[in-house]
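J.: Look at TrEMBL and you will find 60-139 tagged as domain 'GHMP kinase N-terminal'. The ATP binding site annotation in TrEMBL covers R80, P81, S82, S83, G84, L85, G86, S87, S88, A89, A90. As annotated by TrEMBL, domain 'GHMP kinase C-terminal' applies to 198-270.
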Amino acid sequence: METVRAPATSANLGSGFDVFGVALDRPADIIRVKRADETTIEVTGVGSQYIPEDPHSNVVGAVAEALNAPAQIQIDKGVRPSSGLGSSAASAAAAAVALNGLYDRGLSRTELIPIAAEGEAIVSGEAHVDNVAPALLGGFTIARDNTVTTVNADIPLVACLPEIAVSTRDARRVVPDSITMEEAVHTVGSAATLTVGMCQNNPTLVGSGMDEHVVTPARAELVTGYDTVREAALTAGATGVTVSGAGPAILAVCHTQKRRAVAAAMIDAFETVGVEARAYQTCVSAGATLF
Ligand code: HSE
């Protein structure tokens with residue numbers, strides 16, 4: 001029997017579409033696996049009613065198949081599906097680590113990335129490593145082609161999750177096909193600024209480096225109240241705000257002493273547009289952990 005906790009993650013961080021990701025210290029999924037002749041899956045926890053238990057339709061079933069590791073698998077969801085907080089990646093990463101341990105496969109965390117990403121493709125239609133990489137490795141991750149670079153960072157964050165759902169498939173349809181040279185130059189400048197901020201544990205640089213004018217505005221349209229919540233977070237002291245992954249969660253960066261106020265301001269702002277929300281006061285954290 002193996003038990004693994006894998007964290008929520010936030011991908012893109014504005015300027016790093018399909019490249020940047022961070023592990024969050026909360027929320028998280030917990031997975032328990034036991035050897036069995038064939039894979040069975042039981043799902044409990046947040047949003048479990050929306051998650052198929054058929055191993056052929058579940059990210060975790062795909063991971064078990066890829067590792068040739070049939071098991072009785074219990075998933076306790078802490079990361080809500082369709083949240084923009086890497087829900088399927090958390091389950092896929094947890095399963096990859098747990099089954100790798102259960103069957104002594106001996107694969108490294110880096111070797112587990114493509115296996116967990118294939119599982120995630122079942123849900124999103126495409127394999128993206130920008131959520132599974134931080135869920136497995138922790139920290140701030142940069143996924144470029146087939147290579148992932150990791151930086152351990154200590155940055156306070158607020159992830160505010162409204163009671164609306166946005167599917168990754170829908171959020172990818174609204175992404176523009178092309179960008180201008182001016183936009184590309186701005187995005188590269190932001191991404192570089194953000195990366196330096198992560199290396200220096202500097203929330204001001206990280207927040208400023210999230211600024212991006214192509215993908216984020218298109219996706220913000222899918223999140224009721226985005227502009228109102230963004231303004232409220234900035235007024236409360238956030239150094240930067242963006243859509244978390246495919247949304248609808250909104251991610252704010254701030255200094256530690258402002259985190260509580262930023263979280264409260266974001267919840268209140270969602271309330272003014274008639275949307276219930278909860279906020280996780282969190283930070284960049286470790287990846288999947290074996291108990
Ligand atoms: N980078 C992806 C997106 C993350 O934003 O669409 C979802 O897996």
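Using the three backbone atoms N, Cα and C, a Cβ is placed for every residue, glycine included.
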J.: Is it possible to get the count of other C-beta atoms within 10 angstroms of the C-beta of S82 (ATP binding site)?
T.: 21
J.: Suppose the ATP site is R80, P81, S82, S83, G84, L85, G86, S87, S88, A89, A90. Which further residues of the same chain have a Cβ inside 8 angstroms of that site's Cβ centroid?
T.: A8, V79, N131, G245
J.: I'd like to know the mean pLDDT over the domain 'GHMP kinase C-terminal' (198-270).
T.: 98
J.: Take the Cβ of A90 (ATP binding site) and count every other Cβ within 10 Å, whichever protein chain it belongs to.
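T.: Total other Cβ atoms inside 10 Å, all chains included: 33.
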